Amino acid sequence: MDTLRIAVNGVSYNEASEIYKPHADPFTGPITNLAPWNFAVLATLMFVITSLSLFENFTVMLATYKFKQLRQPLNYIIVNLSLADFLVSLTGGTISFLTNARGYFFLGNWACVLEGFAVTYFGIVAMWSLAVLSFERYFVICRPLGNVRLRGKHAALGLLFVWTFSFIWTIPPVFGWCSYTVSKIGTTCEPNWYSNNIWNHTYIITFFVTCFIMPLGMIIYCYGKLLQKLRKVSHDRLGNAKKPERQVSRMVVVMIVAYLVGWTPYAAFSIIVTACPTIYLDPRLAAAPAFFSKTAAVYNPVIYVFMNKQVSTQLNWGFWSRA
């Protein structure tokens, strides 16, 4: 298939000319072979996801700020995860809702770069936050350094690493190492997975190693060690003193699994189109993993509230005291 590559104000855009001839410029009009109702459905979906995410994650951050009992190293990391999810929805969710409501990326180049960078950056911050959470569980239960306890300053250093490291590996496309480009459906922006350029491929490979494989490897290692520890210690010896830690560990596992369920399809899709950039995919099919990944920002705070008795108790107390 004849493939046309277009650069619009620094944002690269690949399209199959046979399919998308009516609108070579993604900023001036929608894909004409898709009925308007497709974009209306996506706009409605993004409105619901964005609204729920903003409300839920703001509630988690507000509760942690209001109740001193929740200001613990573990909760600092979870609040950081909520902040990342909140910012993903505030930037990417809002822009995606507006562009789908219009049917094309009418906001122009600056918004494309903003959405592409923001969603990628905050998404990777969330991924690395889960990796730090898994390390916190490993540190607390396995005690690799003996009686050394994890304190607030240690959590702060971990979060500083998360934000700095994520920024280092998501900012390069803004300055020319790869690019943030309009997606096939024309209403969202993402890293340029479809590029044939070897230079761009070096970034994509580096990005996957540092922002997906490394944090996932850290999660697998920490929970592998954690399971070994729990198997060695009998239920009687673990006792009631360790019961809260086991509950928190289960909560973190559920959060990690839920996040991976949301983002793994998008990661797999990105690998496929990077390896086969000329592959033809229906725009709706190509967009599905990206839109599905945004649901991760909705269910993480729900898991946190319902599986953490301390948080649910404080929220219930706050609600009924106001009532």
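Glycine residues also receive a Cβ, built from the backbone N, Cα and C atoms like all the rest.
Annotated in Swiss-Prot:
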- Cys112-Cys189: disulfide bond (DISULFID)
- Asn200: N-linked glycosylation site (CARBOHYD)
- Lys294: N6-(retinylidene)lysine (MOD_RES)
- 1-38: topological domain 'Extracellular' (TOPO_DOM)
- 64-75: topological domain 'Cytoplasmic' (TOPO_DOM)
- 101-115: topological domain 'Extracellular' (TOPO_DOM)
- 136-154: topological domain 'Cytoplasmic' (TOPO_DOM)
- 179-202: topological domain 'Extracellular' (TOPO_DOM)
- 231-250: topological domain 'Cytoplasmic' (TOPO_DOM)
- 275-282: topological domain 'Extracellular' (TOPO_DOM)
- 308-323: topological domain 'Cytoplasmic' (TOPO_DOM)
- 39-63: transmembrane segment (TRANSMEM)
- 76-100: transmembrane segment (TRANSMEM)
- 116-135: transmembrane segment (TRANSMEM)
- 155-178: transmembrane segment (TRANSMEM)
- 203-230: transmembrane segment (TRANSMEM)
- 251-274: transmembrane segment (TRANSMEM)
- 283-307: transmembrane segment (TRANSMEM)
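If one looks beyond the topological domain 'Extracellular' (179-202) by at least 6 residues along the same chain, the residues whose Cβ comes under 8 Å of a Cβ in the stretch are 5, 10-15, 23, 26-27, 30-31, 34, 39, 42, 92, 96, 99-100, 103-105, 111-113, 115-117, 119-120, 173, 269-270, 273-274, 277-278, 281, 283-284, 286-287, 290-291. Within the same chain, the transmembrane segment (76-100) packs against the transmembrane segment (155-178): three or more Cβ pairs sit under 8 Å, each pair at least 6 residues apart. The recorded positions examined here are Cys112, Cys189, Asn200; by Cβ neighbour count within 10 Å, the least packed of them is Asn200. Taking CA atoms as the reference points, Cys112 (disulfide bond) and the residue listed as 'N-linked glycosylation site' are 18 Å apart.
Tertiary neighbourhood of the topological domain 'Extracellular' (101-115): same-chain residues 8-11, 23, 26-31, 36, 39-40, 43, 91-92, 95, 174, 180-182, 186-189, selected by CB-CB distance under 8 Å and a gap of 6+ residues from either end. When Cβ-Cβ distances below 8 Å are used as the criterion, the transmembrane segment (283-307) is approached by residues 31, 34, 38, 42, 45-46, 49, 52-53, 56-57, 59-60, 78, 81-82, 85-86, 88-89, 92-93, 96, 123, 126, 183-188, 190, 247, 250-251, 254-255, 258-259, 262-263, 265-266, 268-269, 273, 315 of the same chain, each at least six residues removed from its ends.
When DSSP labels each residue, the topological domain 'Extracellular' (275-282) comes out as 1 helix, 0 strand, 7 coil, counted as helix, strand and coil in that order.
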